[in-house]
Structures are given as structure tokens and as C-alpha cells.
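Quick look at what TrEMBL lists:
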- 141-176: repeat 'PPR' (REPEAT)
- 240-274: repeat 'PPR' (REPEAT)
- 310-340: repeat 'PPR' (REPEAT)
- 341-375: repeat 'PPR' (REPEAT)
- 443-477: repeat 'PPR' (REPEAT)
- 514-548: repeat 'PPR' (REPEAT)
- 580-615: repeat 'PPR' (REPEAT)
- 760-852: domain 'DYW' (DOMAIN)
Amino acid sequence: MLLFGCAKRLVKRLPISCQDEQRHVSAEVNVAMSQRFLLSFKGGRSTKSLPFFSFCCKLYSSRSCNEVLSNGVARRKKEIDFEHLFKSCTKIYILKCLHALLVVSGKAQSIFIGTRLGNLYAHLGDVSLSLKTFCVIENKDAYIWNSMISSYVRNGNFRESLNCLNEMLSTADVKPDFYTFPPVLKACGNILDGARIHCWASKLGLEWDVFVAASLVHMYCRFQSSTVAFKIFKNMPFRDMGCWNAMISGFCQNGNAIEALSLLNEMRLEGIKMDSVTIATVLPICGQLDDIVHGMLIHLYVIKHGLELDVFVSNALINMYARFGELRHAQKVFDDMIVRDLISWNSLIAAYEQNNVPEKALKYFHEMMVNEIQPDLLTIVSLASSTAQTKSFHCCRSIHGFILRRCWIQEDVIVCNAVVDMYAKLGFIHCSRKVFDEMLVKDVVSWNSMISGYAQNGLASEAIELYNMMKKCDDVAPNQGTWVSILPAYAHLGALREGMRTHGHVFRVALNLDVFVGTSLIDLYGKCGRLDDAMSLFYEVPRMITVPWNAIISCHGIHGNGRVSLKLFNDMLGEGVKPDHVTFLSLLSACSHSGLVDEGKRYFHMMEQEFGIKPVLKHYGCIVDMFARAGRLETAYRFIKSMPLQPDASVWGALLGACRIHGNVELGKLASDNLFEVDPENVGYYVVLSNIYANYGKWEGVNEVRSLARDRGLKKTPGWSSIEMNNKIEVFYTGNQSHPQCHEIYEELSILTAKMKTLGYTPDYTFVLQDVMDDEKEQILTSHSERLAIAYGILNTPHRSPLRIYKNLRVCGDCHNVTKLISKITEREIIVRDSNRFHHFKDGVCSCGDYW
């Protein structure tokens with residue numbers, strides 16, 4: 001009845017005239033035909049349209065439809081205005097009514113009307129009805145075939161559109177024209193389909209039509225065949241603006257930024273002016289090439305030709321300036337916009353989020369809501385990232401609630417991934433895991449976000465466990481993001497064998513030369529003590545950006561090869577790679593580990609004066625650590641007092657650690673007091689201060705610090721060391737008595753200790769932090785975790801084979817001396833990675849030169 005009422009109202013709005021006697025008879029005959037026609041359509045609503053046929057029949061057969069004028073003269077009403085009816089069809093069921101009316105009126109067989117019906121069905125999303133309309137039309141010409149192909153493409157039925165073209169080609173009396181190929185080229189799912197259609201276009205002499213050629217350029221660029229696309233482009237007898245834009249866009253899609261700019265210059269030399277599409281295509285290239293000058297020249301062109309009012313262009317300018325960190329210019333472009341769409345707001349919010357100004361990003365989100373602009377998925381992703389940067393759990397929960405109220409978290413996996421990542425970056429990994437577990441659909445990004453969250457929060461074992469779960473999912477395949485997330489977890493645990501196995505997977509999928517995956521592999525081998533392998537990988541990956549340079553400089557730094565790090569930095573400058581703040585962080589850390597104080601001071605000043613990089617707290621922390629390690633504690637303290645930034649835990653922690661090494665109790669107490677204010681929950685600082693007191697026998701101070709830690713509910717992190725053997729990682733805790741080979745391990749240590757004493761070894765009891773007798777102190781030193789792991793390795797590996805040990809805390813001085821002697825006695829290389837750096841023990845000497 002709803003369909004009948006709607007159709008009745010539709011017809012009542014129109015002026016209707018009666019036709020002559022024969023017309024009415026014809027209409028009555030067509031009613032039966034139209035009933036059979038509509039019943040042939042499949043669908044729930046078609047039968048509801050049947051009352052409308054009776055209505056149409058009465059409408060056409062009634063003889064009383066003459067209008068009587070005031071003077072008694074009858075006249076015929078006007079015919080039905082089908083043009084108005086077509087414009088009124090905004091729903092499928094209304095269009096079905098019109099279709100029935102056209103069948104009754106005998107107009108449905110017209111090629112023009114039939115094509116229009118088919119196009120309208122396709123526009124309203126019902127391709128099946130469009131196809132039925134197409135099938136009943138006799139004597140189809142190229143126009144109707146093209147319309148059907150376009151209908152399929154518009155609705156995403158790409159395979160059907162290709163099948164339709166094949167059917168058209170098999171019809172001898174109809175041949176494709178230049179309108180046929182542009183839509184069907186969009187439907188190609190692979191380059192073979194595209195090449196086949198290209199052959200047909202060439203055979204029919206349509207290859208050089210401007211629209212067909214532009215579509216061929218688009219198609220080949222889509223399948224990374226920009227060389228073929230450019231050949232077609234160069235051979236075109238005429239090129240319009242769309243062709244130039246297509247080729248420039250194709251170069252951009254294939255990462256050929258230089259070729260794109262070169263083609264742009266060629267276009268301008270031919271006197272063709274850039275339009276809004278050209279500008280929006282070219283501006284991202286300036287970011288890829290780090291060429292802000294070119295971007296600003298294009299901005300001047302925009303202003304000169306009055307294109308700044310184009311929303312599309314302004315949005316591209318905002319994104320371009322954001323890429324260069326020029327937020328002032330991005331803001332001005334936004335402020336000058338007369339009309340702003342959702343993309344404009346998203347671009348500005350993302351600009352502040354990507355440049356670590358979360359407060360402004362949140363401010364403009366609130367302003368966007370005030371202006372009644374509804375956010376979309378991209379808004380939420382930027383918002384979640386900005387919230388994570390604020391480190392505000394309350395704000396994080398508010399964003400989560402905002403998403404839940406709109407039911408977005410159940411509807412879209414992208415939003416879920418953003419929430420998982422947001423909680424992980426804030427350190428609330430349990431909340432992140434809860435959201436992850438409740439996701440109905442998980443894609444590869446979901447797994448990557450959770451794995452990365454565990455790895456970034458120091459939970460490497462959990463990251464590896466989740467990665468193993470991911471590998472069991474048949475519908476998810478690891479990608480670049482997966483490898484970049486899991487390899488640092490293997491590096492953190494020193495799981496070299498598992499890392500090498502993952503390297504094999506990466507090699508099989510041809511991602512080993514990807515700059516980010518390759519850098520993760522460099523980091524893995526470097527942190528697992530395989531510097532030669534790390535260097536080999538470094539020379540294989542692309543080195544046009546800072547990422548691989550930063551990794552290899554850092555690897556040599558933690559191995560104590562400060563001079564090599566400096567040489568690599570100079571090589572980097574020689575290859576034209578501009579350093580960033582991470583580069584200088586790695587460089588200053590390398591200077592600190594190697595005692596290169598003068599060099600460190602020089603590079604610290606170079607960072608700001610020559611490269612315009614403003615130091616952050618981590619850079620200041622490296623300088624403090626460098627001075628303090630070298631024994632210049634007062635210099636380090638004066639440097640802290642002169643800092644333009646408020647010192648954080650990393651700065652005071654560097655000073656406190658050096659005070660323990662050099663035995664400065666007073667300065668250590670001052671540093672710890674500041675640490676307890678800025679980071680009162682870090683138990684490590686209480687332990688270090690306690691150790692300083694214990695080294696000088698100030699047991700009252702030890703008890704006071706330990707009592708303070710207990711009152712705050714803090715527990716000391718237990719020391720452990722691990723060694724990988726037989727595809728298994730064995731972990732030893734200090735004083736471990738539960739290992740199956742416990743008796744053999746302690747017996748081996750007893751034998752080694754006796755041999756060391758013959759070489760002049762004397763236990764250093766200052767590293768025992770308990771007030772006990774000397775014989776008990778020696779037992780405590782002997783049971784340190786790294787010694788247990790070394791003894792286990794000696795018992796279970798061939799003679800003279802190297803050992804790799806990983807320790808979660810700093811190696812104590814006594815264990816450092818012992819390991820040097822063991823390397824000499826056993827003629828082995830022993831590589832120990834502690835929480836600070838690597839130690840390569842060989843022939844009784846350590847690579848750190850006793851400077852750590």
C-alpha cells in the first residue's frame with residue numbers, strides 16, 4: 001500500500017490528458033504486458049506495485065478525463081511530464097513505479113528511455129535491475145552498452161564490467177567507441193587485463209583519443225608501470241590538462257618525485273597553466289624531496305592566479321606546510337579560507353598532532369565541534385594520537401567514551417586500532433590489551449599495534465608471545481609494520497636465533513632492503529653483539545634518510561666504539577644526509593660511553609649552531625652523563641644548574657649513577673632528592689642511593705632509603721641474566737638454586753674462582769650490599785646471575801666457542817673483573833650486554849677499557 005500511495009501521489013502531481021480511443025485500447029493491452037514484466041523482477045517490493053497497474057489502466061482508459069472549461073468547451077490535458085518524473089525518482093520503489101508507467105505507455109522500448117532507466121537504477125545502487133532493463137532492449141547500440149559497462153564500474157562490479165565488454169566485443173554489429181574504454185580501464189584488476197584492453201583500443205584506432213590515452217596512463221601508473229604510461233603520454237598527438245595531471249600523478253604514485261617535477265616544468269614551458277588538481281598533486285612531492293622552497297613558489301603561484309579560494313588547494317597547502325613543521329604558515333592558510341570542509345579541519349588537527357603540539361590539535365577539535373562539523377575516522381585517529389602525546393589518562397578515557405557513544409568502536413577496525421595504540425603509548429598496556437581482545441575483527445594493523453605496544457613498554461616477552469599467536473591466524477599475514485615491531489623485541493631480549501629466523505622470513509618476502517625493516521635488523525644484530533653483520537646490512541639498505549645512520553651510530557656507541565661512531569657521522573654528512581635530533585642523541589651517547597668529552601662538547605654546540613636543532617632533555621642528559629662518567633661531577637652539576645629546561649629524571653639519574661661509580665655521597669644525596677621529587681615511583685633510584693651508602697658502610701643510610709622505598713610500596717627489580725642455547729633461552733636469577741644443573745654450575749664456579757685467585761684475583765666486597773661476614777660476601781658475589789649464566793655456557797658449549805650473556809641490570813665491578821679473568825682462563829670470547837652497553841671480554845681484556 002505504501003508503494004501504491006507513493007505512486008498515486010507521484011502521478012497526481014502531474015497534468016494528465018486523455019488520449020484518443022486507439023491510445024486507450026493500446027494502454028489496456030499494455031497493462032497485462034507490464035504486469036508480466038514487473039513480476040519478472042526479483043525482489044520483495046515488486047509485487048506491492050501491482051495495485052499501481054490497475055491505477056495506470058484506469059488512468060489511461062477512462063473516457064472522463066476531459067477537462068471542462070467555464071465556457072463548457074472540453075479540452076485535452078497535457079501528456080505526462082516524464083522528465084519531471086525522472087527527476088523525482090530518488091528511491092528504488094519510486095523508480096519501479098515510473099518503470100511500470102513507461103511500460104504501460106509503450107515508451108520503455110526506446111533506447112534512450114531504457115538507457116536512462118538503467119543508469120538511474122545503477123545510480124540508486126541496484127545493478128541487477130539495471131541489467132534487466134538492459135536485457136529487454138532490442139537492437140542495442142554502443143551507447144547502451146557503454147551505459148551498462150559504466151553502471152557496473154560505478155557500483156564496484158569490476159569483473160562484471162569486463163565480462164560485459166567481452167560480450168560487446170563478441171557482438172559483430174556493435175563495436176566499442178572512445179566512451180567504452182575509460183570506465184572499463186578503471187575496472188582492471190591486474191595489468192594483464194589492462195594490456196588486453198589496450199590492444200583492443202589500438203586495434204580499433206582509439207589509442208590516441210585524449211580520453212582513452214589518459215585512462216591508459218592512469219591504468220599503467222596504478223600497476224607501477226610508469227615507464228609504459230610515460231611512453232603513451234609522450235606519443236599522444238594532443239594532451240589536455242587531464243593528461244598532464246594523470247602523468248604527474250602517476251609519477252607521484254610510483255615514488256618518482258623528481259620525474260614528476262621535471263614533467264611539471266615541461267608542462268609550464270608549453271604554456272599550460274597549473275590547475276587545482278595539478279597543485280594538489282605536486283605539493284606532496286615537495287615534502288618527499290624536502291624542498292620547501294619549491295612548495296612556497298607554488299604557493300605564490302596559487303595566490304597570483306587566485307587559486308587560494310579553492311578548498312582542495314588550501315587543504316594541500318596545509319598538509320605541505322605541516323610536513324615541514326611550518327605550523328605558522330599552515331595556520332595562516334587555514335585562517336584565510338572562506339569555506340572549510342571536514343578535510344580542512346582534519347588537515348590542521350593532523351598538522352599539530354604530527355608536530356607534537358597536541359594541545360592545539362585538541363583545541364581545534366573542540367572548535368570544529370562548535371562549528372557543527374562532524375568528525376570522521378581520520379579525525380579520531382589524529383585525536384587519539386594527540387591524546388597519547390598529552391600523557392593524560394583522563395583525556396584518554398574521555399576520547400574512548402566519545403568513540404563508544406557513537407558506536408564507532410564496533411563499526412570500524414581503524415578506530416579500534418587507534419584506541420589500542422593510544423592506550424599503549426600512554427603505558428596503560430592492560431587497557432590496550434582489553435580493547436584488542438574485545439575487537440570483533442582484527443586486521444594486521446591491530447596485531448602490529450598491540451605487538452608494538454608491548455615492545456615499547458619493555459614487555460618484549462609478551463610481544464613475542466602475541467606475535468606467535470598472530471602467526472597462527474590464517475587470515476592475517478605479517479607485513480613491514482609487523483617486522484619493525486617484533487625485531488626490537490628480539491633485540492631487547494637478545495634472542496639472536498629467533499631474530500635470525502625472522503630475518504629469513506623477511507628475506508623471503510623481499511623486505512630485507514626496506515629501509516625501516518633493514519634498520520630494525522641492523523639494531524637486532526648490533527644489540528646481539530654481531531657488529532660485523534650489522535655493518536654488512538647497513539651497507540645494503542638505502543641510506544638517503546637518517547634512520548639507518550642513527551641505528552649504526554648507536555650500535556657502535558653501546559659497544560664502546562666511539563671513534564667509529566664519529567667517523568660514521570662524518571660519512572653521513574659526506575653523503576649529503578642531514579642529521580636530526582636522534583642522530584645527535586646517538587652521537588652524544590657514543591661520546592659518553594667512550595669518554596670523548598671534548599668531542600661531545602663540540603657536537604653538542606654544532607647541533608644547534610650549524611644544524612638549528614634545539615636540544616631537548618635527552619640531549620642534556622647525555623652531556624651530564626658524559627661529564628659525570630669522566631669523573632667531572634662538579635662540572636656536570638654546574639651544567640645542570642645552567643640548563644634552560646627544568647631537569648627531568650634522565651638528567652638527575654645520569655648524575656646519580658656517576659656518583660655511585662665515583663663515590664660522591666653528598667652529590668649523590670642531592671641528585672636522589674631531586675629524583676624522588678620528579679620520579680618518586682622509580683625503585684632504581686632508591687637502589688642506587690642505597691648502594692652508595694652501602695659502599696661506604698653507612699648502613700643507617702641504607703636502612704633509611706630501603707624503609708622509604710617500602711613505605712611507598714616499591715620493590716627492587718631482581719637481577720637476572722640469560723643465555724640462548726639449543727633454541728631455548730635460559731634465565732638465571734641471582735642466587736638461583738633451582739636449575740637442573742645447579743650443582744655442576746656452582747662446582748664449575750668454585751674451580752674457576754680457585755684458578756682466578758692464582759692469577760691475583762681478590763673479591764671486591766664493596767659490591768656486596770648486605771652487612772654480613774666476608775665469607776658470606778664471597779658466596780653472594782659468586783652467585784651473581786651473570787656468573788651463573790657464564791658457568792652454564794661453559795658447561796654446555798664446545799671449548800673456546802664464544803658466549804653471549806644478557807643482563808637486565810648494570811654489571812657490577814667485581815663481576816666485570818671476574819669475567820675478564822674467565823675469558824683468559826677458558827680462552828673464550830664472552831660478550832655481555834648489560835642495561836647500559838656491551839662488554840666484549842677476550843684474553844683478559846674488556847672492550848670498554850674499564851670505562852662504563
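Placement of Cβ uses the backbone N, Cα and C atoms for every residue, glycine included.
Note that this is a predicted model, so its numbers are computed, not measured.
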So what's near the repeat 'PPR' (443-477) in sequence-distant terms, Cβ-Cβ under 8 Å and 6+ beyond its ends?
413-414, 416-417, 420-421, 423-425, 427, 429, 432-433, 436, 484-486, 488-490, 492-493, 495, 498
Outside the repeat 'PPR' (341-375), six or more residues from its ends: residues with CB under 8 Å to it:
311, 314-315, 318-319, 321-322, 325, 327, 330-331, 334, 382-383, 385-387, 389-390, 395
Considering the repeat 'PPR' (580-615), which listed stretch of 141-176, 240-274, 310-340, 514-548 counts the most C-beta pairs under 8 Å:
514-548
Using DSSP, what is the helix/strand/coil residue split across the repeat 'PPR' (341-375)?
26 helix, 0 strand, 9 coil
Can you give me the average pLDDT across the repeat 'PPR' (240-274), rounded to a whole number?
83
Using Cβ atoms and a strict cutoff of less than 8 Å, what residues sit near the repeat 'PPR' (141-176) while being 6 or more residues removed from its termini?
111, 114-115, 118-119, 121-123, 125, 127, 130-131, 134, 183-184, 186-189, 193, 197, 200, 204, 206
Going along the chain, which residues at least six beyond the ends of the repeat 'PPR' (240-274) come within the CB cut-off of under 8 Å?
210-211, 213-214, 217-218, 220-222, 224, 226, 229-230, 233, 281-282, 284-285, 288-289, 294, 298, 301, 305
Using DSSP, what's the helix, strand and coil tally for the repeat 'PPR' (141-176)?
26 helix, 0 strand, 10 coil
Provide the three-state DSSP residue tally for the repeat 'PPR' (443-477): helix first, then strand, then coil.
25 helix, 0 strand, 10 coil
